[in-house]
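Engineer: Structure in structure tokens, see below.
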Amino acid sequence: MASVVSTASRKVFSNATSRLSLLTSVSSREKSSNEGKRRRDLINHSRVRGIDILRNPKLNKGTAFTVKERQLMGIHGLIPPVVRTMEEQTVRVLTNFRKRSSDLDRFIYLISLQDRNERLFYKVLSENVEDMMPIVYTPTVGQACEHYGIVFRRPRGLFISINDRGHIYDILCNWPERNVKAIVVTDGERILGLGDLGVYGMGIPVGKLSLYTALGGIHPAKCLPILLDVGTNNKKLHSDPLYIGRQENRVTGPEYDDFVDEFMHAVQRRYGSTCLIQFEDFGNHNAFRFLEKYRNKFCTFNDDIQGTAAVAAAGVFASLRITKKKLIDNVFLFQGAGEANIGIAQLLSLAMQEEGATEAEAISKIWMVDSRGLLTKERPSGGISGHKADFAKDFKHMNNLEEIVEELKPSAIIGAAAVAGAFTEKVIKSMGKYNERPIIFALSNPTSKAECSAEDAYTLTEGRCVFASGSPFPSFTINGKTLYPGQGNNAYIFPGVALGVITCGVRHVPDLLFLRAAQRLAELVTDEHLAEGRVYPPLSDIQEVSLNIAVDLAEYCYTNGLASAYPEPDDKEEYVKSFMYTSEYEIFEPETWEWPDKA
Ligand SMILES: NC(=O)C1=CN([C@@H]2O[C@H](COP(=O)(O)OP(=O)(O)OC[C@H]3O[C@@H](n4cnc5c(N)ncnc54)[C@H](OP(=O)(O)O)[C@@H]3O)[C@@H](O)[C@H]2O)C=CC1
Ligand SMILES: CC(=O)C(=O)O
Ligand SMILES: [Mg+2]
């Protein structure tokens with residue numbers, strides 16, 4: 001069965017800690033539940049006939065319709081006479097995909113496939129994660145957002161404008177799916193490291209939710225991408241004739257807050273209190289505020305703060321097995337003190353405290369640099385706002401990263417400031433000078449914003465550094481050894497967290513769930529991975545990672561009273577799997593189904 005998570009390419013983790021039998025084929029419960037789903041789908045769509053079937057990406061199988069199906073559904077002659085298997089179609093898709101001359105063309109090709117034949121799209125994406133994730137996700141999705149005016153083909157998801165205030169619930173009711181369980185929402189203000197792209201940022205919720213399905217096995221009908229259009233402060237977009245949103249400055253202040261508030265309550269009213277709302281790529285000043293405001297009232301999390309924290313912490317935990325240090329024995333230097341890095345710093349601090357350190361001890365190991373230099377209590381440029389204040393030190397003011405590294409001699413440097421090339425030759429060499437195995441994470445996205453390349457990090461430390469990056473870098477061979485840079489991207493976290501949260505009916509998502517996800521992800525890194533320089537399992541294993549995280553969180557949620565889905569299942573793995581999407585085609589033949597009006 002071609003389940004998104006049960007592809008033939010599955011491997012068993014050699015790590016003994018991987019307690020899931022990943023070669024297990026689809027369980028009988030899953031099978032019966034999938035049969036049920038297929039039948040329900042058919043009944044729901046039973047009025048669709050003829051050409052409308054081919055125009056419906058959820059039903060369309062293209063040349064894979066059998067002759068019987070073609071006759072039964074009134075589509076005979078509307079497609080070429082040949083009948084292909086899904087596997088044969090996959091070969092055609094891959095040939096087409098590889099023939100495209102640029103990554104942006106590959107992006108357009110894949111979203112067109114998604115618009116045409118959803119199951120085939122998810123099959124090829126889930127079976128070719130290493131090749132296709134860099135297209136539907138970072139870095140290419142960044143390029144697609146920048147050029148969304150020409151990339152845009154068919155709308156996907158909901159566009160809710162500030163002009164729609166008072167009617168957001170009605171707009172949600174226009175969405176054809178009733179059982180939405182996961183929303184990724186952005187207002188487009190901080191799209192990757194590319195800045196304010198306004199409505200063009202819609203590529204991000206769409207891309208993230210494609211990964212919900214391809215990596216987390218969450219049914220696409222349960223996923224809803226949403227763009228909140230409050231305008232954009234990007235002046236170029238104000239005069240862009242192709243722009244598809246409000247060509248005015250952003251609405252801010254109480255009007256904006258009320259709009260977001262109405263949105264949150266409308267979602268809860270329409271889809272219930274266990275519908276997960278993932279905040280994505282909001283501007284810094286709003287991201288933290290909304291997280292605080294909504295985290296205990298809604299089922300929500302901020303991926304840039306909490307998801308990134310978990311993936312980076314997991315990378316650090318795995319790195320410690322290489323550096324042979326305890327977490328508390330490190331000195332962390334963060335380049336950037338925004339959503340990503342503050343989230344990581346907070347989670348690492350929590351992890352140190354879980355291991356017995358006091359809060360003060362933990363914080364003393366964490367240094368941060370923002371656009372005004374080292375975070376110190378006294379700075380010529382004035383006060384320090386928000387969460388940054390927790391990490392400010394009694395120390396002299398410094399604002400040159402190279403000098404800061406020389407002064408502090410950190411064991412780990414983590415960049416998330418979208419300042420391309422911030423890890424200069426001198427910074428990297430200093431890291432190599434003071435550490436046998438320096439930890440260097442260049443987390444900014446897309447690739448054009450990375451603090452340094454994998455090649456630079458490896459070359460300038462003679463292959464000694466432990467490297468990870470937000471967007472993928474190719475492997476690099478040095479001193480006869482091939483090293484595989486880890487992709488320190490929240491894509492290792494949010495699909496699994498979402499799957500766990502949704503299946504258990506969690507109402508609030510505490511930080512401890514992210515710490516738990518980080519620990520689980522780190523456990524899945526084997527000694528063989530580490531020997532290859534990886535601090536994450538390879539991307540080809542990412543679906544198993546998501547499942548592991550989801551099952552682990554399910555255990556945790558039921559034990560700690562966070563789950564609302566009852567009765568509690570005995571076998572959490574079977575339970576989680578029973579919810580998962582299969583990209584296998586539905587069968588529209590009388591042997592398995594009869595038209596309801598003839599039944
Ligand atoms: N790998 C991953 O999974 C993720 C990666 N990211 C990436 O991280 C980057 C930052 O995102 P995010 O944290 O949300 O953005 P924010 O806007 O919240 O934070 C950016 C931070 O960078 C600081 N900064 C800006 N210029 C400099 C400079 N010259 N020197 C030092 N610091 C500087 C800012 O300083 P100030 O506070 O003074 O303005 C701010 O603290 C983006 O490229 C994003 O794509 C984000 C989420 C996940
Ligand atoms: C990966 C991600 O969420 C970001 O760069 O914003
Ligand atoms: Mg993001």
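The backbone N, Cα and C atoms fix where each Cβ goes, glycine too.
Whatever TrEMBL says is automated annotation, not expert-curated.
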Engineer: From Asp240, Asp257, Asp304, grab the residue that TrEMBL records in the same divalent metal cation site as Glu280, Asp281.
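Structural biologist: Record source TrEMBL; matching candidate: Asp304.
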Engineer: Could you give the mean pLDDT over the domain 'Malic enzyme N-terminal' (114-295), rounded to a whole number?
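Structural biologist: PLDDT averaged over the stretch: 97.
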Engineer: Taking ligand 2 as the reference and 6 angstroms as the Cβ limit (strictly under), which recorded positions among Lys208, Asp281, Asp304 are close?
Structural biologist: Asp281, Asp304
Engineer: Specify the secondary structure state of Asp304 (divalent metal cation binding site) as given by DSSP, simplified to three classes.
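Structural biologist: The residue in question, Asp304 (divalent metal cation binding site), is helix (DSSP, three-state).
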Engineer: Between C-alpha atoms, which of these recorded positions comes nearest to Arg190 ((S)-malate binding site): Lys208, Asp281, Asp304?
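Structural biologist: Minimum Cα distance from Arg190 ((S)-malate binding site) across Lys208, Asp281, Asp304 lands on Asp281.
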Engineer: Report the same-chain neighbours of Asp304 (divalent metal cation binding site): residues 6+ apart in sequence with Cβ closer than 8 Å to its Cβ, ordered by sequence.
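Structural biologist: Within the chain, Asp304 (divalent metal cation binding site) has Cβ neighbours under 8 Å at Arg190, Phe279, Glu280, Asp281, Phe282, Ala287, Glu339, Ala340, Gly343, Asn490.
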